[in-house]
Amino acid sequence: MRINEHSIQSLPKEERPRERLIRHGADSLSLIEILAIILGSGSKVASVLEVSRALVTRFGGLEALMQATLTELLEVQGIGFAKAIQLKAALNLGFRATRQQIKSRYLIEHSSHAYQLVKDELENENREIFMAIFQDTKGYLITYEVISIGSLSQTLVHPREVFYSAIRHKAASLIVVHNHPSGDPMPSNQDLKLTQILLEGSRLLGIPLRDHLIIGKNSYVSFKDQNLLLK
């Protein structure tokens, strides 16, 4: 059987990521080696480890790689559509596992707790994403989800969508969050108006709006901390 010179099988056995994982465990492998196992083989012009190294060089690390779009992945030499799909699926599976662990009895008592929950998903996004965090009567996280994607001035966030989800999840209270792709978290007039509309809806339905966070680059603004949740 002919072995593809750019597959993992072409490497000396002791250097193959798969065998190293078996002998030493997954924690002993570098990100490049983990990616090589996921990809399985390289291209006609590059080994699988070279393709994996190109991915890490292009995106700089796991966080940026997880946020990469299919189009961005396809720009890396050696990554075709099938491999891009493999990567997106594998990385999303890891993200879901991490998110599930976080959701297990996560208490939100301060704006920083809400920020830590969603910052990795929002602070590097080039689209404006509006999310809602739902809490139980004791302030523990029930779940959080995306309500809309796009500029708040272009994609209207209607209170009906926010509170429909709150009721569906049997939330006792909620926190809303969105990012500013510019990196500047200071609230705009549109942000202030939207918050007032949501506050009115929360009072009518008896589901308190605890906070509105705006996520910027390595920073955030909390409406509650800044006394912007006007009564």
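Each residue, glycine too, has its Cβ placed from N, Cα and C.
Swiss-Prot has this to say about the protein:
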BINDING   His178, His180, Asp191  Zn(2+) binding site
DOMAIN    107-229  domain 'MPN'
MOTIF     178-191  motif 'JAMM motif'
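Sequence features annotated in Swiss-Prot and their locations in the structure.
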{"residue": "His178", "record": "Zn(2+) binding site", "Cβ within 10 Å": "26"}
{"residue": "His180", "record": "Zn(2+) binding site", "Cβ within 10 Å": "23"}
{"residue": "Asp191", "record": "Zn(2+) binding site", "Cβ within 10 Å": "19"}
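Per-class residue totals from DSSP over the motif 'JAMM motif' (178-191), listed helix then strand then coil: 3 helix, 2 strand, 9 coil.
Here the domain 'MPN' (107-229) is broken down by DSSP into helix, strand and coil counts: 39 helix, 37 strand, 47 coil.
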